[in-house]
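> Handing you this structure, nothing more for now.
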Amino acid sequence: MKILSGLIKSTYFVFVFLGLPLIIVWVGYSQIWPLFTGEFTQQLGSIEVSYIQMAKFISSSWPRLAWQPRWYLGYPMSVLYTPFVPVFEFVSHNLWGWSYSHAYRWLTAFSYVGGLVTLYLFTRTWFKNTAAGYIAALIYGILPSFMGLLYPEIALDRFLVDLVEPRRFTILVRWGEGPHVVSLMFLPLAALFLIKFLRRGNKWQLLFGSVFTALVLLTNSVGAWGLLLLSFAVVFGELTENPGRWQQVLGRSLIFAAVSFGLSAFWFNPLFLATFFHEGGGAWGFWKNQFPWGWLLGGAILAIYFFLSKKLLGKIFGVSGSLLFLGMMFGLVNTYYGSGSERLELVPQVLRLTTEVDIAVALAVGGVISAAGFILSKMHRNLLGLGMVVVIIAGSILMGGRQLRLISDLPRFAEPAEKAGIKLEQTAEYEIAKVLETKVKGQERVFVPGNYGFYLNYFTDLPQLRGALFQSAVNPWPDHIYFQTVNGLDADITLDWLKIANVGWFVFSGPRETFHDFKVDESKFAAVLKFDEDRQGDKIYQVPLKDTSLTKAVPQAILSVKIPINAIDRTPIAQYVGILESSRNQLQLVEKNNGVYEITGNVGDGELVLVQMAYAPGWQARDKSGQGLVVSKDPLGMIAIKPKQTGAQNIDLIYGVSGQVMVGWLATLTMWVFCGLIIFKFKSPMIEIKPKMAAKENVEEE
């Protein structure tokens, strides 16, 4: 009997941890396998090129990693949004000789496959039910988006004609949400170790879970929102299932959160957090306006659900938490799409959370299977195993046919550009970038709209007004300038803004550009800019800059200009430009190293040195004698330097490590010391509090 029992256990182990995962791996791999190959996407509207460029930024700023001057008037490398994917590309390039683009393709393809396996492992752990985990992974990996059933605009965003592919395939291959997909591979692992730590208190589960949580945070903000809500649902579920251990659950939750954030704090420093959260101004404003009555109503609804769940669902692992997660995710995304043209965002980038809704639906179905298993076990214990085998077989058959239809056509869309016969050198994006490269003189920036902006710095090193991933911007004005330029009717204000940003060349895009951002007629720009040439419908204009240098000697009165209320606040904008162009002295700015500049030239009486780059904490200036100079922010967020005396200047402008960044480094260093104490001094289980009442009976599958 011992031999037979051992054989059964071994077979079960192989089935659960090898057999089913291999099927799940096949589901993902057979859909996406061409993404493991090649150099570049054939979907030129994808923003993946932005994440590839960030690896180039790391390379060009190495080893100082101080300043990135090409996007958004420049920003510190410490606010690079977000670092994991570009760092992986950079390391892969230097270790294995991969191109940045191939490293991106390989990592995102691996995550597309791996995300199904990690979801299976988490769901199985949460519900303590293998069938629940397996079916959840199949639903997430094969079925179309649940939100697409409600909103045709989501369902119509697809590759296939007669079949809707999984939403995660579309967002990865068509739109380039690689970091989002990578984060969704780490997300279930973070939640898995969280649930294990809440239940057992093992210190290694705490450490592994905190590392995976940090990886989610360092990979993508959308995935981070998903993990935050899922973690809340997991803790909520544990409280409903173990009300007698609420102190233990909350204590372990708090230490898990503290260690996780501490490991991330080296990047999530105060400076990064300021840029990371400024994208959610509308969402924060909404929640602020709901205080206090909206908050009280939400708290009351949650309290009612808690007591109902404790009474009705408390004996079934994971069900109350999974339903809460589904309710939260669906509520957020449905509010956005259901609010019509208003597009109400309750959290930043909420439209991208449709994939997290799909995960929530898969988990909810897993909860139904778990509940069914609970009922079967009450009828007869042997029925549990038999019923779960039936569920696994039936689910495989029902979804297997759809999977075969998907893999017959879907992989071709993931083929690299070279396999699809697309040559980047023959694209409009390449042509415009290279044409501008021949025209730009000195330190002029360029204004390129839409997809031309996304690709510009893949092909050239030209600085531009925007770029991609605005979450890194430390100067608030580039996005406002862009919006006024492509939407506003006032040509004079647009011209002033272009001068303020030192934009020397401007592209009015024609039909070749993907996104068609311009909502105004070309005549607006023809009235104030100098026409240069027409490239197959793309009109190139020169901006009449008085001085193309990024550094100018300007009257100190520029510091007294009122900060504009918005991008069409004419009076202070015009006043700023008038002062900007009033000086007769010229200065030169030379980059000596990454984030290290030398400024030379003459400054007259009552003048200061203005550098048309974004001010950020960490800028320092000194003259050749080594004396420090006052560096401040002007009314439009540019760098203002006050020299010691008038006349000839030789100033070193250096971007160093700011105090805000050091705070993050210190927090992470402190947390690493604490983790060392956890490993060598603490014993498992951690924060063990004996309940006053016996734990409820739960049924775990055989």
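Cβ atoms are placed via backbone N, Cα and C, with glycine included.
If you look up TrEMBL, you'll see 12-29, 72-91, 103-122, 134-151, 172-195, 207-237, 249-272, 292-309, 316-337, 357-376, 383-401, 662-682 marked as transmembrane segment.
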> Are there residues at least six beyond either end of the transmembrane segment (134-151) with Cβ under 8 Å to its Cβ atoms? List them, or say none.
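Distant Cβ neighbours of the transmembrane segment (134-151) are 20, 23-24, 27-28, 31, 115-117, 119-120, 123-124, 164-168, 330, 333-334, 337, 354-355, 357-359, 361-363, 365-366, 369, 391-392, 395-396, 399, 402-403, 406.
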> Take a look at 12-29, 172-195, 249-272, 357-376, 662-682 and tell me which one has the most Cβ pairs under 8 Å to the transmembrane segment (316-337).
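Counting Cβ pairs under 8 Å, the winner is 357-376.
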> What residues elsewhere in the chain lie close to the transmembrane segment (292-309), defined as a C-beta under 8 angstroms and at least 6 residues from its ends?
236-237, 239-240, 319-320, 323-324
> Six or more residues beyond either end and a Cβ under 8 Å away: which residues meet both conditions relative to the transmembrane segment (12-29)?
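That would be 112-117, 120, 124, 130, 133-134, 137-138, 141-142, 392, 396, 403.
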> When you scan the chain for residues with a C-beta under 8 Å from the transmembrane segment (172-195), skipping those not six or more beyond its ends, what do you find?
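Residues packing against the transmembrane segment (172-195) from afar: 32, 35, 41, 43, 45-51, 82, 84-85, 104, 107-108, 110-112, 114-115, 118-119, 121-123, 125-126, 157, 159, 205-206, 208-210, 212-213, 215-216, 219-220, 222-224, 226-227, 230-231, 234-235, 238, 253, 256, 260, 352, 355-356, 359, 413-414.
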